[in-house]
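See below for the structure under consideration.
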Amino acid sequence: MDRIRITGGAPLEGSIPISGAKNAALPLMIASLLTDETLTLQNVPRLADVQKLFHILANHGVDTAFQGKRTGEDELSGQTVNLTARAIVDTTAPYELVSTMRASFWVIGPLLARMGEARVSLPGGCAIGTRPVDFFIEGLKALGADIEIERGYVVAQARAGLIGNRVRLPKPSVGATHTLLMAATLARGETVIENAAREPEIVDLADCLIQMGAKIEGHGTGTIFIEGVPRLYGARHRVLPDRIETGTYALATAMAGGDVTLEGATADHLERPLELMRLAGAEIDVTNRGLRIRRNGHGIAAVDAETEPYPGFPTDLQAQFMAVMCAGKGTSHVTETIFENRFMHVQELVRLGAKISLNGQTATIEGVDRLKGAPVMATDLRASVSLVIAGLAAEGETEVSRIYHLDRGFERLEQKLSRCGAQIERVSG
Ligand SMILES: CC(=O)N[C@H]1[C@@H](OP(=O)(O)OP(=O)(O)OC[C@H]2O[C@@H](n3ccc(=O)[nH]c3=O)[C@H](O)[C@@H]2O)O[C@H](CO)[C@@H](O)[C@@H]1O
Ligand SMILES: C=C(OP(=O)(O)O)C(=O)O
């Protein structure tokens, strides 16, 4: 199995192109199920999760055609994909497929809206928490669907079509908001989603749906209004830059030191993380090429962080931030409020010499002068990259195993970091 080997100590100097956002590309691809016309998506990242979703969508009848080159020199820029669901050939999303990627559960919204039925496997838990789907089920029921759980499948029916309604989410769930938003575009009458997620990826999906003919207002706020329409059409949409990838490389630069421009990145969606990085001692400037991050000559200050729904500090940057705090001067606290088990990286960071103690949902980190390289194991996507960040500053060699987690969400990570001077390579066997 492939591993990532890093020899720590080299500062990062240069530029890194930021890819299209995984967590926007996935719901946008799923939105192709809502129309029999072609949805063209640009800037789609080359990631394992994207690849898996192409496969899952093909099972429902979505034809995928790539425009232009798929490999070669162009590999650091995103791909353009035409997705066409002329006919839905299967409304079942089987366990074998849904269990490999949680976001594939979201097909339940468009399938139900367009076909009046869907049979989608329950996704099950994952390394970061139990991740139930009760909000989806209650929300779709409010839109008129009959829902039963049968042998591990959510079996949903709305033969006469979905009917708009007022739905209040108990928490601003990203996945439930994406799913209900897609479902409501084809429902009869008005749907109001209250306590909706406000993440930029929701706004990106809503913008694309509007181009497809949907009537949506309020996206990006806690209340989204959707006036159902009889049908949606083809459209062309560019996936927004990945704010989590941006935050990750910004934190990598803060950790390793140096001067890196994140090309195509935007500061707009990273207000809170950038504020904390500045407090930690990174200099951050918005330039016409993207975001420039520098840390030269002075150490990392210890700073506290608590995860929150957008616009708060994202849980998807928690592990990376903690890795940086391992080298901070003094004590910091990192509190996770979104997922109950998102601290799997702690014991691996400790293997690199970090001093971290856990008390409930809060980690207390005593910064150390030097981390020391060691073999470590990736446990989930963002945990894996936190180990890479720690490895960049650790003395000697760090080897990260189980990097299939990393490949789910970071496009060409070794290339992007090594072109900035990091000593990092992928080794097989
Ligand atoms: C592919 C994608 O975009 N994944 C992101 C998405 O995941 P995802 O959409 O799965 O996360 P949610 O926003 O739904 O989860 C937020 C919280 O709500 C809970 N919940 C959610 C739905 C439900 O029916 N019942 C319930 O209790 C979850 O367990 C969690 O505690 O948002 C998370 C929170 O920003 C990110 O970490 C993930 O990277
Ligand atoms: C948790 C993540 O993804 P998923 O929701 O697909 O598990 C993530 O992107 O960090």
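Heads up, the Cβ atoms here are built off N, Cα and C, so glycines get one too.
Among the features that TrEMBL reports, domain 'Enolpyruvate transferase' is placed at 7-417.
Residues or ranges marked as phosphoenolpyruvate binding site in TrEMBL: K22, N23. In the three-state DSSP assignment, the secondary structure recorded for N23 (phosphoenolpyruvate binding site) is helix.
For D316 (UDP-N-acetyl-alpha-D-glucosamine binding site), the same-chain residues that are 6 or more apart in sequence and have a Cβ closer than 8 Å to its Cβ are N23, I244, R382. Residues or ranges marked as UDP-N-acetyl-alpha-D-glucosamine binding site by TrEMBL: R102, D316, I338.
Neighbour count (other Cβ atoms within 10 Å of the Cβ, all protein chains): 15 for C126 (2-(S-cysteinyl)pyruvic acid O-phosphothioketal). Annotation source TrEMBL lists 2-(S-cysteinyl)pyruvic acid O-phosphothioketal at C126.
According to DSSP, C126 (2-(S-cysteinyl)pyruvic acid O-phosphothioketal) is assigned to a strand segment. The active site, proton donor annotation in TrEMBL covers C126.
If you draw a 10 Å sphere around the CB of K22 (phosphoenolpyruvate binding site), it holds 26 other CB atoms from the protein chains shown.
Spatially close to I338 (UDP-N-acetyl-alpha-D-glucosamine binding site) yet at least six residues away along the chain are T307, E308, P309, T315, judged by Cβ distances under 8 angstroms. Under 6 Å, Cβ to nearest atom of ligand 1: this is the test, and of the recorded positions K22, C126, I338 it is passed by I338. Other residues of the same chain near the UDP-N-acetyl-alpha-D-glucosamine site, with their Cβ within 8 Å of the Cβ centroid of R102, D316, I338, are I128, R131, V174, T315, F339, R342. Counting Cβ atoms from all protein chains shown, N23 (phosphoenolpyruvate binding site) has 23 others lying within 10 Å of its own Cβ. Listed in sequence order, the binding-site residues among R102, D316, I338 whose CB lies under 6 angstroms from an atom of ligand 2 come out as R102, D316. Summarised as a single figure, the pLDDT of the domain 'Enolpyruvate transferase' (7-417) averages 96.
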